[in-house]
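To keep things clear, I will list the structure first and then write my remarks on it.
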Amino acid sequence: MATKFPKFSQDLAQDPTTRRIWYGIATAHDFETHDGMTEENLYQKIFASHFGHLAIIFLWTSGTLFHVAWQGNFEQWIKDPLNVRPIAHAIWDPHFGQGAIDAFTQAGASNPVNIAYSGVYHWFYTIGMTTNADLYQGAVFLLILSSLFLFAGWLHLQPKFRPSLAWFKDAESRLNHHLAGLFGVSSLAWTGHLVHVAIPESRGVHVGWDNFLSVKPHPAGLMPFFTGNWGVYAQNPDTAGHVFGTSQGAGTAILTFLGGFHPQTESLWLTDIAHHHLAIAVLFIIAGHMYRTKFGIGHSIKEILNAHQPPSGKLGAGHKGLYDTVNNSLHFQLGLALASLGVITSLVAQHMYSLPSYAFIAKDYTTQAALYTHHQYIAGFLMVGAFAHGAIFFVRDYDPEANKDNVLYRMLEHKEALISHLSWVSLFLGFHTLGLYVHNDVVVAFGTPEKQILIEPVFAQFVQAASGKALYGFDVLLSNADSIASNASAAYLPGWLDAINSGSNSLFLNIGPGDFLVHHAIALGLHTTTLILVKGALDARGSKLMPDKKDFGYSFPCDGPGRGGTCDISAWDAFYLAMFWMLNTLGWLTFYWHWKHLGIWQGNVAQFNENSTYLMGWFRDYLWANSAQLINGYNPYGVNNLSVWAWMFLFGHLVWATGFMFLISWRGYWQELIETIVWAHERTPLANIVRWKDKPVALSIVQARLVGLAHFTVGYVLTYAAFLIASTSGKFG
């Protein structure tokens, strides 16, 4: 007899109901719980899957390069990046009538195409690609790399090539290799690419496989490097009149500290970027030689952590026991990795628009909006995931004895203080921010807008002034030419001050009362999300109601007071609730960013400044006013090139609303409905010929919440993505 799904759990495979299928899918990646799983096998499986993951990333990027080269207009775009719209790929759709074919035949193409809003054209151009042949070569290279990684993944699952558990637990060696190899050497290699290929290409000098060994990146060659005269590499930078991609106004410097932006491309100077990556390479290569391996030299992390005990004794055992706790818990490691990656992804969103590094991307407004929103959403998901795995760590991996009186133990001991302070901050922010918005709404509605409570963000303006912004007249630090800070920063300051005080970029935007209010609304969202996540993680293992939940697991439902009241203590439910708050916060954040920038890009900053201080302003002048083109994507008179976004806007709402069907209903209702349908099916001629082996049962509470949340999330993202892209591209192309 064929074994039933899931093969990894005999217990589930023998379940006579449809629960078998859903629980099988839900636990497919929970390797720890699979039958016969050993710790060594667990590590080996996860290790091998990393190669598969990387293979997919390389394949995906290869596909992007290939489609741009095959169906895009890269070579035409390079000639006029500010006016030619980049093509992502062609569209072949049997549903298209003549109207749609005409509407989507755009950007100089002879057939329907999609416009690229990912910024890849700007990236390809900045790093030295100038022809379709370059793109094809990149695609083939990544395809080969992808195959190699797939093979490596398979190879590391073979008995002969499976690393041992001891190899996985050797944290110091792994850290050295990852610091020096992954970050250090790859940053050095990227510096090499920028210096040898990208910078010459930006100056009109072609460097390819045919001549890369004979073209010197700098006229002085390696002599200054070996003689210690490194300053030569910073002399004669590109001038302010440099035309990107040509020798006009080009210099010879390769590693500079100019500060600010290239006047024509409005992106960071490539020579500054190369210098930055070289500095990172040096730092990380040194860092990768710090830790003790089998050679017995260097620091032992375990010794360092165990020695971290405050001499006063007031903070207990300090970091004692943490090395083994972290090293033996994959969930702890994953939580740390997700938190770090979440923060860095949010920083990427922030810096991609404020300090754009790719040529001409600052003037591709739809791409800027899409990239900011994309990276902030990803950051949100990663951060929630960090806390989810932190909670699973407490349930599955935390050993109170091994962590007696250390910082982890003490965090749990005073968790009430942490949770209550977060609660207080959330309540304070919520009531005061909403109070101000609602007050302003009421007085505007009654025709007395002058009675609004408008608060200038003076502290934030002071911080901007300290960084060099002259507008507010604070005359402090970098905005004061005679200050210590200004004298110390003389090398890069002229370029930086030009950039920060220019009205044409997004670096340190002018802020007022509308920004003050929405900043606090976003702070409310962040603190409430954090409150739910921190409480969920700290109460995951035990709370007043259930002192130790180790055997109860992570994903049990919050079931209300009727069945024992587990809402206080379900870590899964905290994660579930936090997802809604995270999405809510991202809504406020991206609305703010987009509306503020629409005003700047259209030369009408007053629209945001005057209407963002009360709620109706947000609903009417941001959401409603900007969805006009979207709702008109197709109408009785025909179709335009926003129709796909108009359709997605509708479809996104539908998916989002479907989520509530799963979220606001009783499980018993579904069970009755299912049994009624089964009863009718079994008594209907012809239909009753078809039978199934599993007895249909309603989804469990946790499953229904997950399905509801998935619909809510996907619908929410689809709806806003369509709105963002259509409302921006409808105005600026």
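Cβ coordinates come from backbone N, Cα and C, glycine included.
Note on Swiss-Prot: of 516-534, 687-705, the range annotated with the feature transmembrane segment is 516-534. Among the listed stretches 135-158, 175-199, 330-353, 369-395, 642-664, the one sharing the most Cβ pairs under 8 Å with the transmembrane segment (273-291) is 175-199.
Sequence-distant neighbours of the transmembrane segment (417-439) (same chain, 6+ residues past either end, Cβ-Cβ under 8 Å): 411, 452-453, 455, 517, 520-521, 523-524, 527-528, 530-531, 534-535, 538, 613-615. For Met661 (chlorophyll a B3 binding site), the spatially nearest entry among the binding-site residues Cys558, His653, Trp670 is Trp670, judged by CA separation.
Burial estimate for the binding-site residues (Cys558, Met661): highest at Cys558, by number of other CB atoms within 10 Å. Spatially, the transmembrane segment (706-726) is adjacent to the transmembrane segment (574-595); three or more Cβ-Cβ distances between them are under 8 Å for residues at least 6 apart in sequence.
Candidate binding-site residues: His653, Tyr669, Trp670. Fewest other C-beta atoms within 10 angstroms, Tyr669.
Trp670 (phylloquinone binding site) sits 23 Å from His653 (chlorophyll a B1 binding site), counting Cα to Cα. It is 25 Å from the Cα atom of His653 (chlorophyll a B1 binding site) to that of Tyr669 (chlorophyll a B3 binding site). Through the fold, the transmembrane segment (46-69) approaches residues 31, 87-89, 116, 118, 120-121, 124, 132, 135-136, 138-140, 142-143, 145-147, 149-150, 152-154, 156-157, 163, 168, 330 of its own chain, all at least 6 residues removed from its boundaries and within a Cβ separation under 8 Å.
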